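K.L.:
The domain 'N-acetyltransferase' feature in TrEMBL is assigned to 4-150. Taken from TrEMBL, the feature acetyl-CoA binding site covers 83, 84, 85, 91, 92, 93, 94, 95, 96, 119, 120. Annotation comment: TrEMBL describes 124 as active site, proton donor. According to TrEMBL, the feature active site, proton acceptor maps to 418.
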Ligand SMILES: CC(=O)SCCNC(=O)CCNC(=O)[C@H](O)C(C)(C)COP(=O)(O)OP(=O)(O)OC[C@H]1O[C@@H](n2cnc3c(N)ncnc32)[C@H](O)[C@@H]1OP(=O)(O)O
């Protein structure tokens, strides 16, 4: 693979490029709606094609995202996606060449972070990405699991839900007000991404051919005092056997601004007639839902990595978040793929902000850039990585102090893939 084979895509080449991308994922063509959405969100200046003659052999792009980080800043993050190599051209270094070019471009653009959702987690560690956010997926047996009544969220005698009124709405027609609510939630959790134009359509994308027997997407709004306090998007998948109905509710999104609206939405989803299961995920690993259900064991929970993160500029990345406790630590960072990050950095910060600069002082903790990516959003602890032998403490006490500072009270969460 020579660098001359790799270049930025021209808009008129998109169809050819996209065919290779689809082929890399098995060759099942996407619906017209989905294809149109991905084209609309493509930033051609950030889209790479690896050419073998007039054939596209490799695809990759990045979106100019802003990622919510601990402390509430929205930090420039390249959202890497659409990575694929034609089945005829694998294991000859095309992915490696694309990752090289892309990370150089991201650095030149001054974006401190790169993030992605990996098709397989083994692929990206070599390029410095580590799993920074995890999510819960589950299927609750709603014949056995009920939702606890918490004060202020209980069903009132007149059938209302703690002052919250539920109303079905057309997902498209309610999109703008749901997006406004999502935007208010953005900085409440690290790992969430500010939606760029067109991305809101991902939430209501509902190609008829991909429903797998489920209803069209529904949207239920939770309102209180005439104000939108939450929404859920879901579909119902009916099913029957000789003993009766056993349909499932397939939940796509639940967002709410307060516990009453949140509980009311889940209570509604758990109570839909003719269903006995609620499928959900990705949900935050510390989702309050865990504390509303009567029987967690019957929620079929599984945890999975979702957002993988790579610090592209270690100094800028570490200075962009805040820290739960005051920290002053010298980190020795290893980074073979982006050697500009390698070496010693002094991080000094607290709840108000941070500075991270090069230093000649002795290292206190030694870790790779991938480990830094894993702990960056507060979803994985330095101590856990040290327990796995992936972080080394050179000065006694440094690990415990840095661990407390990097931790974050709210688990990071990526609400949807990209
Ligand atoms: C962010 C996203 O878009 S995720 C989507 C990723 N794409 C896919 O999963 C689609 C199907 N797969 C593919 O298109 C390709 O196999 C890719 C993109 C995963 C790999 O592309 P290739 O050009 O074959 O990778 P390349 O030759 O550069 O391999 C680099 C290294 O990664 C390793 N590697 C590549 N793919 C994988 C994999 N799926 N699992 C584990 N290791 C892998 C290679 O063995 C090689 O290791 P080495 O350096 O020790 O020899």
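Glycine is treated like the rest: Cβ placed from N, Cα and C.
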K.L.:
Quick check: in three-state DSSP terms, what is the residue listed as 'active site, proton acceptor'?
P.N.:
coil
K.L.:
Hey, what's the widest CA-to-CA gap across 83, 84, 85, 91, 92, 93, 94, 95, 96, 119, 120, the acetyl-CoA contacts in the record, in Å?
P.N.:
19
K.L.:
Pop the Cα-Cα gap between the residue listed as 'active site, proton donor' and residue 96 (acetyl-CoA binding site) into the table, whole Å please.
P.N.:
10
K.L.:
Which whole-number mean pLDDT does the model give the domain 'N-acetyltransferase' (4-150)?
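P.N.:
So the average pLDDT across the domain 'N-acetyltransferase' (4-150) works out to 96.
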K.L.:
How big is the gap, in Å, between the Cα of residue 85 (acetyl-CoA binding site) and that of residue 124 (active site, proton donor), rounded to a whole number?
P.N.:
14
K.L.:
Which of the listed active-site residues (124, 418) has the least company, meaning the fewest other Cβ atoms within 10 Å of its Cβ?
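P.N.:
Candidates: the active-site residues 124, 418. Fewest Cβ atoms within 10 Å: 418.
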K.L.:
According to DSSP, which kind of secondary structure is residue 96 (acetyl-CoA binding site) found in, if we only use helix, strand and coil?
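P.N.:
Where residue 96 (acetyl-CoA binding site) sits, the three-state DSSP reduction gives helix.
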K.L.:
Which recorded positions out of 120, 124, 418 lie by ligand 1, going by a Cβ under 6 Å?
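P.N.:
Only 120 qualify.
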K.L.:
Per DSSP, to which secondary structure element type does residue 83 (acetyl-CoA binding site) belong, with helix, strand and coil as the options?
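P.N.:
Strand, per DSSP.
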